[in-house]
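What TrEMBL records for this protein:
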TRANSMEM  25-48  transmembrane segment
DOMAIN    41-289  domain 'G-protein coupled receptors family 1 profile'
TRANSMEM  60-78  transmembrane segment
TRANSMEM  98-118  transmembrane segment
TRANSMEM  139-158  transmembrane segment
TRANSMEM  199-225  transmembrane segment
TRANSMEM  237-259  transmembrane segment
TRANSMEM  271-291  transmembrane segment
Amino acid sequence: MGNFNTSTQESFILVGFSDWPQLQAFLFVIILIFYSLTIFGNTTIIVLARLDLRLHKPMYFFLSHLSFLDLCYTTSTVPQLLINLRGLDRTISYGGCVAQLFIFLALASTECLILVAMAFDRYAAVCHPLHYTSIMNPILCRALAISSWVGGLVNSLIQTGLVMAMRLCGHQINHFFCEMPIFLKLACEDTEGTEAKMFVARTIVLVCPAVLILGSYVHIAKAVLKVKSMAGRRKAFGTCGSHLMVVSLFYGSGIYTYLQPVHRYSESKGKFVALFYTIVTPMFNPLIYTLRNKDVKGALWKLLGRGTDFG
């Protein structure tokens, strides 16, 4: 068995979904549709948030960051998956694999933290409406965004560095992209210490943000219950419920993959679970966060009807 940790000349074979040949054509079509919708939806949000002055608000500032993250990290995995499903090329170099791992971890970790900033923004808007403008000032918004990106990069550097220090054996990666649990499965050595360090990093990036988001929505729910209008309550709960659904899907699938012990990790199940946070949630995010949003709808109709005459 080869030792890859110091060689960039070795390559891996991404098994992908080749062990389910009857599903490959179906998956190719579905994933291509989802990826196309992801590109279109998230690009539209970024363009609208940039062009329309009505969307120059904290909520859309963070939403444009989320859209950019979704664009980048789906693009870091999906094109290769589509090539894999067509059976054209299943190989990836060691260097390419490590680069993909680093980019994916950095972007996904940043998204975990950006979602916390978005939840805090909604908490401030609903629970402290009179002080919202002073709380969510431009300096704080930029600080939250920068700290999210820095936190994601640091987490990725730590975990990727731990992977590069391991001795790896085997040429086959039973996944459609280079993901952390697969590297731990390929290790030729005892990974207990490495897993413990990674567990701490993952808890900070996955569990802590999830708890903070749930806490913020609990406070939002309490504030909404005080609203006398039933129509207002239904609208607020409908919006919060849809947000929580997507957040739960993203964090739930991520926690399932990254917080369970390596010896219990199922590579077959892991591939299908990974589809949720690599393809499904990035496609739904633009819809969920803007479907009931009058500002975004107005900006979109303005763009379609009057070209780029924004202001």
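Just so it is clear, glycine is given a Cβ too, placed from its N, Cα and C backbone atoms.
Residues 109, 112-113, 115-116, 119-120, 122-123, 126-127, 151-152, 155, 158-159, 232-233, 236-237, 240, 243-244, 247, 251, 254-255, 258-259 of the same chain lie 6 or more positions beyond the ends of the transmembrane segment (199-225) yet place their CB under 8 Å from a CB of it.
Using a cut-off of 8 Å between Cβ atoms, the transmembrane segment (25-48) and the transmembrane segment (271-291) share at least three residue pairs, counting only pairs 6 or more apart in sequence. Tertiary proximity for the transmembrane segment (271-291) is limited to same-chain residues at least six positions away from its ends with a CB under 8 Å from its CB atoms, namely 16-17, 31, 34-35, 37-38, 41-42, 44-45, 63, 66-67, 70-71, 73-74, 77-78, 108, 174-177, 179, 242-243, 245-246, 249-250, 253-254, 256-257, 297.
If you look at the transmembrane segment (237-259), the same-chain residues 6 or more away from its ends with a CB under 8 A from one of its CBs are 108, 111-112, 115, 119, 122, 179-181, 199, 202-203, 206-207, 209-210, 213, 217, 220-221, 224, 265, 270, 273-274, 276-277, 280-281, 284-285, 288-289, 291-292.
Here the domain 'G-protein coupled receptors family 1 profile' (41-289) returns a mean pLDDT of 87 for the predicted model.
For the transmembrane segment (98-118), the residues of the chain that approach it from at least six positions outside its boundaries are 59, 62-63, 65-66, 69-70, 72-73, 76-77, 80, 92, 141, 144-145, 147-149, 151-153, 155-157, 159-160, 163-164, 177-180, 183, 205-206, 209, 212-213, 247, 250-251, 254, 277, judged by C-beta separation under 8 angstroms.
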